[in-house]
Amino acid sequence: MGKMAFLLCVFLAFSAIFASPVLSRTLPFSSKPALLDVASTLSKTQDLFSLNSHNLLPSKHQVRHRHPAVSPDSALTFELHPRLSVRGTSEKDYETLTLARLARDSARVKAIQTRLDLVTLGIDKADLTPLEVEFEEQKLEGPVISGTSQGSGEYFCRVGVGNPPTQAYMVLDTGSDVNWVQCSPCADCYQQADPIFDPTLSSSFSPLTCETQQCKSLDVSQCRNGTCLYEVTYGDGSYTVGDFVTETITFGGSAAVNKVAIGCGHNNEGLFVGAAGLIGLGGGPLSFPSQINASSFSYCLVDRDSDSASTLEFNSVPSPDAVTAPLVRNSKLDTFYYVDLTGISVAGELLPIPPSTFQLNDNGNGGVIVDSGTAVTRLQTEAYNSMRDAFKKGTRDLPSANGVALFDTCYDLSSRKSVEVPTVSFHFANGKELSLPAKNYMIPVDSSGTFCFAFAPTSSSLGIIGNVQQQGTRVSYDLTNSLIGFSPNKC
């Protein structure tokens, strides 16, 4: 009997080890409450409107910011700064600024969903009708500026275009592939911080012919006198139309990259006010990482209301303490970077959400993307409701407030200096867990003490991890090993 009892104990021990994934929903994850510094956060919102922030700051990078410490071994490094430190804001107060941001963010999400809907519905790029627009005749370093004050979560990079380089702010966007810049002669262009790029002053400007692979890779293109015309529409009314060319791109006065395919836009409209154009960081063949054959890139997004600086890097070594997750690609559309999310926990308890809720299917539907341009994380309605209800259960002692725009769970913290809230964590297919700091999901919506739970539901099958949840975390895209890494406090 003693031997049988021993064998039974061994069997039970091994069973417990191998069965642990099944029992994981009952195991405690990050159950320690997260601390939110209410007083400090509100002070920042008030300072934005007490330091002459309404005035447009100079675009020649004359901004007060902290330069990040960058290792000399890091390849292809740029600086990032909040856009408010460059352009300021015309909004009268923080609440109005928040509402403007959220409105632009909704337009951004609509644009992404529209693009995916076209793909999953099987609409070929050849079936798209171009806009009817009349035309008038190694190592990289550079500054990058955050554009979240416009609400759509863009991040700006100080880029040299042409030879000699003309400096301009360019939106950096993981949800786009085509690089483009506003060009003269300009038939219809929006306001930008710098003079419009004049291709006649660049010795490296070279139009692409219609037979080139770059032209054939465009979703929408036409020929004019043997040269390639491009069009990019963003689903929210934004668009750019012009000549598709190759140009020299220079970052921060360092090494230049020659013959980068880029749109020279003569007709442009949309959410890009302040920036001269866009550098696409998506996964398609025309994106900047693809054109320079980057093995990886990473960025760390500073607080959108701060004047701190951070970096965007190509081909840098991932942080060894990064929380990694499988990077999944959509066979129907290669632009977006999907993360293999399997669950969410609140206060250390894994929510009863089927992992299939977050999965990308063979038809290109569903899944969760990590996006630098979306501000607020969107979750499928059922998943969001489950998370919100669990969070509200853990914040019953906090005074509630009315919802604001797309936020339905808000609190009046005007009488508090700090509060503890339940920790929210993402869980990935490889068993790793990413716990978010409280300031990444309890954000101020005014300067008087109203804070909201910064997630939103979506009726779409697509989930999006936005840049509010990414702030203060270095997000790395290991394109060689198909991994996304998250390194908190690595800005």
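Counting starts with 1 at the first residue shown.
Glycine is treated like the rest: Cβ placed from N, Cα and C.
In TrEMBL, annotation is done automatically, which means it is predicted and not curated.
Note that the structure is a prediction, hence the values are computed from the model and not measured.
Quick look at what TrEMBL lists:
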type     : residues : note
ACT_SITE : ASP173   : active site
ACT_SITE : ASP371   : active site
DOMAIN   : 155-487  : domain 'Peptidase A1'
SIGNAL   : 1-19     : signal peptide
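Residues belonging to the domain 'Peptidase A1' (155-487) score a mean pLDDT of 92 in the model. Around the Cβ of ASP371 (active site), the number of neighbouring Cβ atoms within 10 Å comes to 24.
Comparing ASP371 (active site) with ASP173 (active site), their Cα atoms are 8 Å apart once rounded.
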